[in-house]
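Trainee: I am attaching a structure below and will ask some questions about it afterwards.
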């Protein structure tokens, strides 16, 4: 539709795209369809003016995952689009993935016209109702005049407090309807009418108690989760840890929140965490939880998790406080704010500090590190997944890493050393198929950075169609497939807990030739089968311009250890036998 310059008569679709641009959205991910065509038609004009760019994925689930990773990589809100019916339902897994990991995304769905809602019209589903349990908030646009307010509220709600997913459902005729559009000259001057007002900041009394508990502790540990990453609190965490020499362990979501080359770093804790991190948590006298939620994959047997410790729990979401573990001190706040105030208070009273208060504790942890290091098996005739991932980590130290879910994800968490905001992985929901579209989102967010996708042969086949998106936009992404021809984690559990009854977990028969598959999309593919010259091969791969798929044929029966069996405590780990070749921090 043509508009006169300065005209106020606009369509709902115009208002929607205008508000996205006013909220500084530069890139969106989606897939068109009937009910959302008015929005796509409007988007066409805005793209011509280079005010916004849309990336066409090959499946709507990938649009949500790409928006999710874009949000993680930029600390902004990611946006995805899909049509009504199957387009909208295809977003559901991606929306749930983002919500479980507290990632701010806005999913915009088309809907049948208002007159047809409730009539079982073609491609009508109640996406508002379907997604209610897996979003932070939902909107249905019933009047185009509400679009400005709804979009502003969606951005506010998605980003403020504990971040999360927001759905905006837009009937087709709302996008087409013309009305007298009143935009906002400055979004900053527009205060959303929502009553959602999260409270930030600790009290002076809370900071003083935090300091007192910390200074009285002899065996403290920082237990850092995804909330610290979202808060971008790495500097403050490192300063606090260095100030009193406190060891630090992170969750899967918390990777990158602390310098992983720092000797105070213990790696990940929990089911596949390092032995020394789990031992340290089991023996600590003060557990400081920063943006972590005490989930089952971390705690093991909850009654025995840090059972001798006092707990300080800092989280922006009051619902997480006391949900699984009652703390002695609870602070509902952004982590960065709390740590800044704590550090300021501690620096004022340095004369009362015992500089050696944790020396014996650190010495004990150092012994655990030497006794139970992460192991890397080696055989010149074979290729082990730990070798591949460890070499990638050493060569690509500044890269963004997107992973899928399974054994390779746990090995990546163990061996990759990542920087703040550069770890992209589905942690809460554990969504297979996340890695490839996440790598796309990260590349769009950071076009000049190295993006590496580490996936498994089973996970990769969940969303391999996104090779088409990578080819279309010529995205320089390096895809390492850890190919053991199994659903590796399922096989490991079947071996350990189901008497080796491998029910439907073998993927060998019917597996495509991934190299030829990549070539069919116009993407170069290569295969690596042994550890011979592995370092030089990976160096060449990473330095080669353009997208590249690497099919790593690894030992088929390798298991991921350490491992905590269901119902066991974190001090009861499987697989702590010494290996021929080891690596320590």
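Even glycines carry a Cβ here, placed using N, Cα and C.
From Swiss-Prot, here are the annotated features:
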BINDING   60  thiamine diphosphate binding site
BINDING   162, 272-293, 315-334  FAD binding site
BINDING   457, 484  Mg(2+) binding site
REGION    407-486  region 'Thiamine pyrophosphate binding'
Trainee: Given the binding-site residues 328, 484, and counting only Cβ atoms in the protein chains shown, which has the most within 10 Å of its Cβ?
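Mentor: The largest 10 Å Cβ neighbour count belongs to 484.
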Trainee: Rounded to the nearest angstrom, how far is the Cα of residue 484 (Mg(2+) binding site) from the Cα of residue 277 (FAD binding site)?
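Mentor: Cα to Cα, residue 277 (FAD binding site) and residue 484 (Mg(2+) binding site) are separated by 28 Å.
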Trainee: Taking 60, 283, 457 as the binding-site residues to compare, which has the smallest set of other Cβ atoms within 10 Å?
Mentor: 283
Trainee: Provide, as an integer number of angstrom, the distance between the C-alpha atoms of residue 334 (FAD binding site) and residue 457 (Mg(2+) binding site).
Mentor: 39
Trainee: In the structure shown, which of the binding-site residues 162, 289, 316, 322, 334 has the fewest other Cβ atoms within 10 Å?
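Mentor: Result for the binding-site residues 162, 289, 316, 322, 334: minimum number of other Cβ atoms within 10 Å at 322.
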Trainee: Residue 328 (FAD binding site) to residue 60 (thiamine diphosphate binding site): how many Å between their Cα atoms?
Mentor: 44
Trainee: Count the other Cβ atoms sitting within 10 Å of the Cβ of residue 277 (FAD binding site), across every protein chain shown.
Mentor: 26
Trainee: For residue 162 (FAD binding site), identify the closest of the binding-site residues 60, 457, 484, judging by Cα separation.
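Mentor: Out of the listed candidates, the nearest Cα belongs to 60.
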Trainee: In angstrom units, rounded to an integer, how far apart are the Cα atoms of residue 457 (Mg(2+) binding site) and residue 60 (thiamine diphosphate binding site)?
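Mentor: With the alpha carbons as reference points, the distance is 21 Å.
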Trainee: Return only the integer: C-alpha distance in Å from residue 484 (Mg(2+) binding site) to the residue listed as 'thiamine diphosphate binding site'.
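Mentor: Taking the Cα atoms only, residue 484 (Mg(2+) binding site) lies 28 Å from the residue listed as 'thiamine diphosphate binding site'.
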Trainee: Compute the C-alpha separation of residue 322 (FAD binding site) from the residue listed as 'thiamine diphosphate binding site', stating it in Å without decimals.
Mentor: 37
Trainee: How many Å separate the Cα atoms of residue 316 (FAD binding site) and residue 60 (thiamine diphosphate binding site)?
Mentor: 31
Trainee: Taking only the Cα atoms, work out how far residue 283 (FAD binding site) lies from residue 60 (thiamine diphosphate binding site), in Å, as a whole number.
Mentor: 46
